[in-house]
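Inspection log for the structure reproduced underneath, given as structure tokens.
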Amino acid sequence: MSRPSKHFLDIKDLDGEGLRGLLATSRAMKTKRAGRPRGEADGERLLDGRLLAMIFEKPSTRTRVSFDVAMRQLGGSTLILAAEDMQLGRGETISDTAKVLSRYVDAIMIRANSHRNLTELAEHATVPVINGLTDLSHPCQVMADLLTVEEKKGPIEAQTVAWTGDVSNVANSWIHAAARLGFELRLAFPEELAPDPKLVSWARECNARIHLTHDAQEAVSGADCVVTDTWVSMSVDEPGSRHNLLKPYQVNEALMARAKGDAIFLHCLPAHRGEEVTAEVIDGPRSVIFDEAENRLHIQKGILAWCLGGPM
Ligand code: CP
Ligand code: NVA
């Protein structure tokens with residue numbers, strides 16, 4: 001019996017209970033896996049014989065490898081497709097691509113240049129579609145970040161998260177998460193690089209506890225988690241004056257000193273030491289970046305299980 005495709009397009013599409021269930025599944029899968037050889041499939045082979053196609057319109061290290069390893073450990077396999085090697089690169093429509101791939105594979109992950117490409121793919125695919133980053137959001141990343149924060153600090157609802165720097169695709173997904181899970185999110189950014197006002201209004205309508213400021217010190221003061229991202233995302237064609245605008249938002253020791261004594265630092269990676277964060281912070285004792293990167297693998301499993309009918 002077929003069921004409607006369960007796309008994983010954005011954190012805002014799930015409610016708090018759904019997100020907590022996905023986090024719990026991922027956590028359980030991580031615990032079960034501990035100490036096993038990385039190339040060995042799980043005993044249950046939850047996704048035995050299932051095939052995930054991954055379309056990349058932009059580069060990736062973590063998303064590509066974590067989804068690939070997740071599928072193998074769950075007993076499935078992947079096809080990695082560079083968009084420029086497909087007929088997509090010569091003008092074939094996304095809708096035709098979606099319909100064709102849906103006849104071959106069980107799910108499609110896409111890292112897309114524009115969010116519209118993702119939604120169009122999901123509209124026409126008859127298999128689940130997963131957002132592996134667009135210009136507007138990066139939900140798989142923020143799910144891994146939530147898993148990491150909960151491992152280090154306890155329930156997310158009790159945390160104050162401070163974002164400082166460019167309000168990027170990753171920051172947008174943090175806003176979605178704050179609206180759904182109710183934790184306090186403070187965002188510090190230059191006036192010229194403000195978040196989309198529609199997104200902010202939506203979050204406020206959801207009673208999200210979000211605070212916007214142009215003062216990084218104010219945002220970080222007493223925070224449990226400090227998060228930032230590159231100053232020049234892949235979707236930015238011209239950096240222009242970004243570096244100058246964003247300099248006051250750099251995460252350095254002086255800024256971290258404003259956070260709680262046991263605050264942690266997160267970054268989705270890749271990072272630019274000396275720009276959005278200093279080497280002292282990102283390579284220092286409060287940084288959890290490699291646990292965060294590892295958690296991409298565990299959360300991808302929860303997302304795949306959710307999309308493909310795992311134990312939720
Ligand atoms: N954080 C992240 O998505 O990394 P990649 O660009 O390497 O996939
Ligand atoms: N905001 C960054 C995230 C990279 C994982 C970008 O879009 O390039």
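A Cβ is built for glycine as well, from the same backbone N, Cα and C atoms used for every other residue.
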Listed co-binder of L-ornithine (same site as D229, S233, M234, source TrEMBL) among N131, N169, N295: N169
Recorded carbamoyl phosphate site member, picked from R27, R33, R180, R296, that accompanies S60, T61, R62, T63, Q87, R111, H138, P139, C140, Q141, C268, L269 in TrEMBL: R296
Three-state composition of the domain 'Aspartate/ornithine carbamoyltransferase carbamoyl-P binding' (6-151), taking helix and strand from DSSP: 72 helix, 21 strand, 53 coil
Filtered binding-site residues, from S60, Q87, N169, S233, M234, R296, whose Cβ is under 6 Å from an atom of ligand 2: N169, S233, M234
Least surrounded among the binding-site residues, given as R62, H138, R296, when other CB atoms within 10 Å are counted: R62
Spatial neighbours of N169 (L-ornithine binding site) among the binding-site residues Q87, H138, R296 [C-alpha, 10 Å]: H138
Secondary structure content, the domain 'Aspartate/ornithine carbamoyltransferase Asp/Orn-binding' (159-307) (per DSSP, counts of residues): 65 helix, 27 strand, 57 coil
